[in-house]
Amino acid sequence: MIASLQRITDLPWRRELHSWARSDGVTWVYIFKVLLAAFLTYWLALRLELPQPHTAMITVFIVMQPQSGQVFAKSFYRLLGTLAGSAMMVLLMALFAQSPLPFLGSLALWVGLCSAGAARYRNFRAYGFVLAGYTAAMVGLPALAHPEGSFMSAVWRGVEISLGILCSTAISAAVLPQSSSAAMRNALYLRFGGFARFVVNGLRGDISRAEFETGNVRFVAEAIGLEGLRSVTVFEDPHMRRRNGRLNRLNSEFMAVTTRFNALHQLLERLRLEQADQVLKHIDPGLENLAQLLDGFADRALTNDDAALLVTRLELCKAYFPERVRSLRTELERTLPSDAERLDFHTSFELLYRLLSELLDYARTHASLADHSHEREQWKGSFVPRTHWMTALAAGARATCVVGLISLYWVLTAWPSGASMVLASAATVALSSTTHNPRRMSLQMAGGTLLGALSGFIETFFLFPHIDGFPLLCLLLAPVFVLGAYLGSRPQWTGYGLGLLIFFSLGSVPDNLTVYDPYTFINDYIAMVVGMLICAAAGAIILPPNSRWMWQRLEQALRNQVVFAISAPLKRLGSSFESQTRDLMHQAYGLATGKPLVQRELLRWMFVVLEIGHAIIELRHEQALLP
């Protein structure tokens with residue numbers, strides 16, 4: 001019986017089903033939750049007779065994410081952004097209710113400021129800035145013709161957005177939840193297994209230059225990604241909140257371990273290229289000891305129990321390390337080595353000993369995650385991101401120019417759909433300010449909006465008049481929402497999904513009082529698409545971030561990290577230096593996509609900066625200990 005069950009379990013179709021469930025299955029669960037949250041929000045908004053039910057639905061599409069912790073974090077910043085944007089709109093309306101030009105000029109400056117903030121933070125906090133700019137436009141532009149109702153308009157938008165947030169968080173947490181804390185634990189466990197294999201291959205000389213560079217890029221991305229996960233798990237899991245200091249410390253120690261190994265690897269590669277066989281012969285036993293120790297943990301998840309076992313083995317290895325080095329040095333001295341060979345021998349073992357110490361610190365922190373409270377929780381260092389000021393300035397200037405010029409065109413032409421064009425451009429330029437390629441994002445959103453216009457025209461004027469009841473309405477809306485959510489779940493098509501979901505809801509989803517006006521419908525969608533195309537043109541012309549000027553400045557900022565290591569206060573300098581250097585390299589590497597020579601140069605500079613910066617910081621620590 002057991003053998004029969006085992007054969008059934010091992011069937012190819014079952015393996016394929018499990019593989020699908022872990023990949024595309026997660027996407028379809030997410031799409032199902034998006035539909036459920038959107039229709040629940042829409043039904044409640046209609047039953048409560050809110051003025052703009054589509055605003056609540058748009059909130060669902062913006063805040064919904066595959067993992068519940070991400071939904072909580074995004075909802076929190078969405079609410080803060082809505083309050084800030086509404087407050088600014090009420091202030092502007094109070095100051096310039098009868099003066100459209102000053103109002104629109106101030107709105108353009110506000111959207112530019114918010115776009116600069118979004119480019120500065122580049123995480124879920126960025127959405128707070130994006131929505132602060134977009135909400136001011138969304139609330140203020142319709143109220144411009146009736147300024148006396150601006151305050152109540154802001155209140156209603158706040159109610160509608162709050163309803164969307166409540167429904168999104170409830171559905172995300174209650175229906176087939178995918179927690180961010182589980183994703184973070186899985187990422188932590190798997191990361192060390194991949195790194196252990198990387199170290200073992202490097203110590204044994206079995207890693208090529210391309211593999212070494214690819215591995216370092218992956219480790220940089222994982223460190224930044226885990227910091228993002230850590231920042232959202234605090235919204236979701238109280239157990240993770242109690243371990244927040246250790247998680248922060250673990251990421252910092254992992255970056256330190258990679259830096260130590262990179263320095264050792266570069267020295268070993270130089271010795272191998274120089275064919276320094278005499279030195280390599282006497283340091284290989286020490287390298288092989290650590291390689292054998294880590295080989296048992298390579299390519300497997302490092303659980304808390306495994307981390308405790310790793311701590312025991314590393315402590316034993318570290319205890320016998322000085323004796324082993326003395327023995328190997330005695331053997332080397334019998335060969336009458338030169339001063340250079342003796343220096344290479346000592347340097348190699350000094351770097352190996354420091355790598356061993358960093359690995360031991362990392363393993364101790366990882367093992368401590370099994371306890372609710374631990375002394376290693378007391379950690380003052382943190383991941384400090386670094387954004388070049390030109391990035392934020394370019395995003396702000398681009399947004400201000402786009403919204404200002406389109407607003408001026410609206411005032412000069414008195415086009416009835418000009419408000420729709422300003423609103424679409426404000427939303428598009430704000431959302432694209434968080435991406436490496438705003439032109440591409442704006443074009444994708446324009447394509448999604450055009451698809452939404454075609455779908456909306458067919459449904460609004462040919463299908464909606466022939467149906468009755470909420471279930472049939474949901475049946476007609478579902479295909480568009482499914483397509484938009486699917487496109488939005490794919491990183492290469494995110495813009496299409498956002499454009500389709502947001503602007504189909506804005507222009508085609510019926511309110512309590514449905515208005516059938518083909519002339520206004522067509523003109524509004526033309527205005528939206530034109531506004532997005534102008535944003536795309538601005539993204540290609542006005543200081544595009546993915547051009548040479550930006551990654552050259554990021555490369556210069558990367559080199560300036562050496563100056564930071566020299567002049568910054570010594571307190572918590574190590575973790576901030578590590579995180580800032582990697583963040584700068586990660587940004588520049590992403591902007592230089594498709595240019596492998598530039599990316600390789602950036603990696604080379606990162607290795608140099610980390611090695612020199614670490615040496616400077618250690619010298620400063622030694623200097624601080626002097627009497």
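From the backbone N, Cα and C atoms, a Cβ is placed for every residue, glycine too.
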Under TrEMBL, the annotation transmembrane segment belongs to which of these stretches: 126-144, 392-410?
126-144
Is it the case that the transmembrane segment (76-97) and the transmembrane segment (525-543) have 3 or more CB pairs under 8 Å, with pairs at least 6 apart in sequence?
no
Per the 3+ Cβ pairs under 8 Å rule, pairs at least 6 apart in sequence, do the transmembrane segment (446-464) and the transmembrane segment (525-543) touch?
yes
Tertiary contacts of the transmembrane segment (27-45) (same chain, 6+ residues out, Cβ under 8 Å)
53, 56-57, 59-61, 64-66, 160, 163-164, 167-168, 170-172, 175-176, 178, 470, 474, 477-478, 481-482, 485-486, 489, 509
If you count Cβ pairs under 8 Å, which stretch among 126-144, 156-176, 525-543 touches the transmembrane segment (103-119) the most?
126-144
